[in-house]
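Following: one structure in structure tokens, then a few remarks.
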Amino acid sequence: MNKSQWIPIVCLRVLAMVSTFVATVVMVTSHDSAKVLGMTFQAKYNNSPTLKYFVVVSIITTIYSLGALFVPPKKLGRHVLVLDLIVLSFLISSFSAAVGVGQLGKEGNSHAGWLPICGQVPKFCHHVTVALISGFVAVIIYFLLIVYNLNNVLNLVAFKA
């Protein structure tokens, strides 16, 4: 792999790493409290297993992206492509689950009798929204990274044949 192929990969990895890091930091700092009927309740990301899953996957993706930056270009290939696919799968699953919980918090569910909470804890909802946007950006960047890597791997196979 020559330098002109390596530079976009590094740029995409750095962008993905920054995006997942931002998603993690914003989600971890999301907390708010509200007083309803004389009782105070707190909204934090760690109250929801789904949002915890989103944070864990974002941390793992950040660490993986950082580690993948140190893999020599000649060692890249199918192994990193497979790991990127696995990371993207986890990113998509955690993002999708977190969006579902976020939508439930924002809109509620009248059929189940769940009321929306964003009116009472707007700071928390804003943090979750920003973290989800950053997570979506990471999903898009990882998708582009996989498409670019797949193109490079297929071209290498075609040149060897």
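Placement of Cβ uses the backbone N, Cα and C atoms for every residue, glycine included.
Lifted from TrEMBL, the feature list:
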| type | residues | note |
| --- | --- | --- |
| TRANSMEM | 6-29 | transmembrane segment |
| DOMAIN | 9-140 | domain 'Casparian strip membrane protein' |
| TRANSMEM | 50-70 | transmembrane segment |
| TRANSMEM | 82-104 | transmembrane segment |
| TRANSMEM | 124-148 | transmembrane segment |
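With DSSP classes pooled into helix, strand and coil, the tally for the domain 'Casparian strip membrane protein' (9-140) is 95 helix, 14 strand, 23 coil. Residues 45, 51, 54-55, 58-59, 61-62, 65-66, 68-69, 73, 76, 91, 127-128, 130-132, 134-135, 137-138, 141-142, 144-145, 148-149, 152 of the same chain sit 6 or more residues outside the transmembrane segment (6-29) yet have a Cβ under 8 Å from a Cβ within it.
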